[in-house]
């Protein structure tokens, strides 16, 4: 009772995406079990701006920092609050928890548990109203009734029979139909007027109804697995469970201003039916395939990306998506709208980081360990401009598990720098095309070849492995990346978890490196991308390291896309090179001898990659796999692209469920799990070592 005093004071409250954090005056009313807040202390005598019942609430300190905490009411409402320091947060949290416990226990004493509770879902919306009318012929209890009853002692829970599952499935199908009617009715409303399709309550209704159906689908899936395990001994070996129709995805609701169509299977494009027809894992060999570089042709596909510009016409899509997200929420399983997609897979994006193969090969040409580390840093910093396609705020396709991408580059040996002063090529883009075509008439001795392969090795979490090698120069790079995305309010952050390893076998050196985070900013206005975070490059053998900082733009002032870094000798702690500039514009390198070099990335030549034609690609190679989505995006048909994309994603989910049911592990094709990482199955360091051993045996 000593701790049950009323407390009050100012706290910061997260209001919404637009206004962000705002100071509000909070009052803890212990007698009533309420947390109230006002605009300021002077308005305390007025009606509160907001009130939370604390009975049944959960008070949680946040792990974001030492100042933030949340109050989650039993009603589902949440306040995200921030104190001035850790001590003040602890004071509020402890008082709120005491008050919450007191009033929760009081309710428990005054309200003994009910013997039976039933919930019904019986309303069915008409085509003209957002699901508020009830059909008189529909019996609410018979439609969907969930009861909680205490079983007599000693009675076993009866095993659910197959016909019961059929009944449940039928009711679920009816509920899904009602939910579709609800979504149609809301989206048919005008975008302006008294009641609009952008009404916040209606957007929340869409989100909660979808979440409810997804939850019910998950529960039904559990029932199916439970029934299958109980009946496993009596089922034929080849029997599989017939699954419920695919869960409702956000992509179903990304058509604005018109009622959604849910066409019958026969009305879908043939290519979509083909994509969806694979309801079991493809019986393709998982044996690694050796790609012949001579089959690859210079890439003539120019999927130029246009800026998204202002997203006014897609605002309802964005608002609908945001209505379902919370700060810090993991976006791995969230289906994003199709209009924000680039026309390439994430695996191909990793390949585009290699678009300057001359700089990559030139690393091993450095005559000293210091020069090789500097060359690697120079190559590393020049890779993001082409790999990220500048600052365009679009997202590559999420690779499906087992997806692969192959390509190569050919570079005339005369174009690869051998001395420090000529490390950067200054050819114009038009000259670059001519140089690339010249290699067609050259013999194999006149050019270097860099081969690249990438594979999506895991779906949850989403992990990609990629590998590149130049056999002639005995150098290769192996990396694995887990892309983890989070919702940050007005932006989306993507953390690139993983590590890369560059091996220079001629020198016996290995360089470890990481990747920066990426952020999509201003997602409600004009979206743009920036990189942020600190990355490190290390070579244990030589003792050289590099520290690179990608700076995010501060709230007031500051430059966009700024990067700084330095290369140092760890033993002597001597800085041998400094770099500053913008990762998508101009970089300035200053060396220990006083020399300075400027690199304009917009004028740096790009070597086109070589890719096999679509007709020679396997069904799980990126361009073949996503060709219908890419073609639809190129034609500007967002609805068709969404349909193709959804078909691929549903196929992946169905295959994942079947593997879980049959306890069949996924087998990768090119990469092997080693510890926490993934390594190419036949890296150059193994083949070179084996060849050297064989040569020694011969001698």
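Note: Cβ is positioned from N, Cα and C throughout, glycine not excepted.
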Matching range for TrEMBL feature annotation, region 'Disordered', among 71-103, 104-136, 137-169, 170-202: 104-136
Within the domain 'PH' (4-101), residues counted as helix, strand or coil by DSSP: 19 helix, 43 strand, 36 coil
PLDDT averaged over every residue in the domain 'PH' (4-101): 86
